[in-house]
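**Student:** Can you read through this structure? Questions will come right after.
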Amino acid sequence: METHIGSVDGAAAAADNGAVGCPASAVGCPMTSARPAPVSAGEASLGRHLARRLVQVGVSDVFAVPGDFNLTLLDHLIAEPGLRLVGCCNELNAGYAADGYARARGVGACAVTFTVGGLSVLNAIAGAYSENLPVICIAGGPNSNDYGTNRILHHTIGLPDFSQELRCFQTVTCHQAVVTNLEDAHEQIDTAIATALRESKPVYLSISCNLPGLPHPTFSRDPVPFFLAPRLSNKMGLEAAVEATVEFLNKAVKPVLVGGPKLRVAKAGKAFVDLVDASGYAYAVMPSAKGLVPETHPHFIGTYWGAVSTAFCAEIVESADAYLFAGPIFNDYSSVGYSFLLKKDKAIIVQPERVIVGNGPAFGCVMMKEFLSELAKRVNKNTTAYENYKRIFVPEGQPLESEPNEPLRVNVLFKHVQKMLNSDSAVIAETGDSWFNCQKLKLPEGCGYEFQMQYGSIGWSVGALLGYAQGAKDKRVIACIGDGSFQVTAQDVSTMIRCAQNSIIFLINNGGYTIEVEIHDGPYNVIKNWNYTGLVDAIHNGEGKCWTSKVKCEEELTEAIGMALGEKKDCLCFIEVIAHKDDTSKELLEWGSRVSAANSRPPNPQ
């Protein structure tokens with residue numbers, strides 16, 4: 001049960017540590033050493049200590065935007081073997097990239113400058129907090145001598161109080177540390193990193209700009225491996241929770257299981273599948289849990305998303321007389337405007353450290369992974385719900401065949417995306433109609449899938465794609481991005497080319513913010529059309545490997561995909577798909593109307 005983070009292999013040396021950005025070859029970093037090499041007394045600086053600790057927990061890429069308060073720190077991060085500095089176009093994308101990297105690797109890091117950089121990355125860190133991702137946000141701070149004086153510094157709002165950035169981060173991180181002296185710097189750094197890993201949340205670490213190059217005896221010692229004390233269940237509480245749940249489920253006629261997004265933070269995906277195997281229950285996932293458990297299991301029935309669930313899934317879940325939700329998040333988006341047809345007295349809610357059984361007892365200090373494992377040993381086999389699903393299930397039809405040179409429909413696009421998926425691929429779905437179209441994709445074993453549902457920040461996918469692809473070198477990542485979202489964060493396609501990534505981006509150009517149109521339409525949802533392939537070609541500028549294509553019909557799409565998977569397989573492939581402005585999934589139409597109704601509820605009587 002003990003977790004020694006120091007046993008996580010460090011990354012091999014980057015080929016070009018001298019420049020901010022990925023090495024020209026961008027070859028993946030094989031993990032080689034369990035512990036960073038000891039440094040000499042002359043190298044025992046604060047900056048190198050931080051770099052070594054990042055490598056030790058599995059970070060081999062730090063997404064950064066340089067600024068005068070963090071330049072010396074960046075020098076020391078670059079000097080660390082095994083640590084790459086990936087220079088991003090802006091701080092928001094650096095934060096999104098750290099988010100995507102944490103999804104692929106388990107932990108991510110970004111480095112920005114004081115206040116102007118920190119407040120720019122804040123939105124991305126809030127998103128990582130909402131998704132329970134350990135991201136270490138490092139900010140270069142003012143000279144330690146300036147704290148406590150009446151000096152007014154640049155990159156501030158003109159006050160001698162330098163705490164504005166810290167106060168902003170207090171609400172979106174689980175731990176904050178401001179390092180202004182060397183005496184306890186090692187302890188502050190280690191505590192921040194350990195807290196991020198333990199809580200699975202972002203942390204904020206500010207380091208005064210005059211400290212990274214300074215040595216201190218605490219930095220020359222061989223660092224103690226991180227030790228995260230495991231969270232253990234209260235044995236009596238665990239036994240009582242299992243007993244109450246077994247009684248609840250065993251008397252049900254057609255119970256079902258539903259996996260939620262907190263399976264990730266609880267590291268309970270395998271325990272959930274083991275429970276499926278032991279119980280024989282039909283199981284579904286909430287939309288934000290897609291990709292966390294296998295979809296190739298015979299008892300998988302799809303995505304449960306209320307009125308916009310995949311075919312026949314909602315009927316089975318909502319007609320069950322008992323449903324166990326493992327790690328759910330019920331918000332207005334996931335509940336389709338609070339329109340779920342679920343009853344509390346039929347539900348068992350299992351959170352990472354808590355179990356609630358129907359209208360009855362709640363059991364605290366019960367770890368989800370341990371609870372599901374114990375439950376699997378005692379629950380009776382019951383395949384009734386799955387057998388009901390098989391009786392009513394009708395295989396999904398195919399989109400209508402396209403006429404020659406017929407304008408491309410979005411459902412035809414996703415028919416072809418489905419054929420591209422395998423165990424060596426991953427899908428990034430941007431906020432918008434891609435949420436709904438990608439939910440219908442059937443993921444092969446080992447195929448990754450990520451999207452940001454709780455926070456739902458448009459533009460997230462561009463930076464997240466950069467970070468995920470950098471962290472998962474063994475996968476070819478396919479991103480589905482709307483034109484409105486792309487306009488928010490497009491610049492870091494540049495960084496993808498610089499890092500020699502070979503992701504495939506489908507840019508769906510339908511002329512506006514389609515998801516907003518279906519919630520509440522207005523002229524503000526119409527955007528200026530760009531020449532998207534021309535933009536990416538300009539960013540490419542003949543440097544690195546990048547290929548673009550603009551497609552308007554199925555024949556052109558088929559040809560473009562063939563090129564992306566064949567001749568251009570080593571290139572970043574950008575395929576602009578021209579779609580009609582009203583070409584949306586039926587799920588978005590239904591979801592949008594229900595969320596709109598929830599948003600427009602009148603005030604309660606006072």
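Just so you know, the numbers here start at 1 and follow the chain as drawn.
Each Cβ is built from the backbone N, Cα and C atoms, and glycine gets one as well.
Just so it is clear, the model here is predicted, and its values are computed rather than measured.
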**Student:** With Asn510, Gly512 listed by Swiss-Prot as Mg(2+)-binding, which of these, Asp474, Asp483, Asp537, is given for the same site?
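**Tutor:** Of the residues offered, the record points to Asp483.
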**Student:** In Swiss-Prot, His155, Glu516 are given as binding substrate, so which of Asp68, Asp75, Asp222, Asp424 is in that site too?
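**Tutor:** As annotated by Swiss-Prot, His155, Glu516 share the substrate site with Asp68, chosen from Asp68, Asp75, Asp222, Asp424.
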**Student:** Near Asp68 (substrate binding site), which residues of its own chain have a C-beta under 8 A away, given they sit six or more steps off in sequence?
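**Tutor:** Sequence-distant Cβ neighbours: Thr113, Gly140, Cys209.
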**Student:** I'm trying to understand the geometry here, so how far is the Cα atom of Glu516 (substrate binding site) from the Cα atom of Asp483 (Mg(2+) binding site), in Å to the nearest whole number?
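**Tutor:** If we compare the Cα positions of Glu516 (substrate binding site) and Asp483 (Mg(2+) binding site), the gap is 13 Å.
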**Student:** Give the residue from the binding-site residues Asn510, Glu516 that has the most other Cβ atoms within 10 Å of its Cβ, counting over every protein chain displayed.
**Tutor:** Asn510
**Student:** Taking the centroid of the Cβ atoms of Asp483, Asn510, Gly512 as the Mg(2+) site, which other residues of that chain lie with their Cβ within 8 Å of it, listed in sequence order?
**Tutor:** Gly482, Gly484, Ile508, Asn509, Gly511, Tyr513, Thr514, Ile527, Ala579, Lys581
**Student:** Please report the Cα separation of Asn510 (Mg(2+) binding site) and His155 (substrate binding site) in Å, rounded to an integer.
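**Tutor:** One finds 39 Å between the Cα atoms of these residues.
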**Student:** With DSSP helix as H/G/I and strand as E/B, how many residues of the region 'Thiamine pyrophosphate binding' (433-515) fall in helix, strand and coil?
**Tutor:** 37 helix, 17 strand, 29 coil
**Student:** Give the number of CB atoms, excluding that of Asp483 (Mg(2+) binding site) itself, located within 10 Å of its CB.
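**Tutor:** Asp483 (Mg(2+) binding site) is surrounded by 25 other Cβ atoms within 10 Å.
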**Student:** Could you state the CA-to-CA distance between Asp483 (Mg(2+) binding site) and His155 (substrate binding site) to the nearest Å?
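**Tutor:** One finds 33 Å between the Cα atoms of these residues.
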**Student:** Across the region 'Thiamine pyrophosphate binding' (433-515), what does the pLDDT come to on average, as a whole number?
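**Tutor:** Mean model confidence (pLDDT) across the region 'Thiamine pyrophosphate binding' (433-515) is 95.
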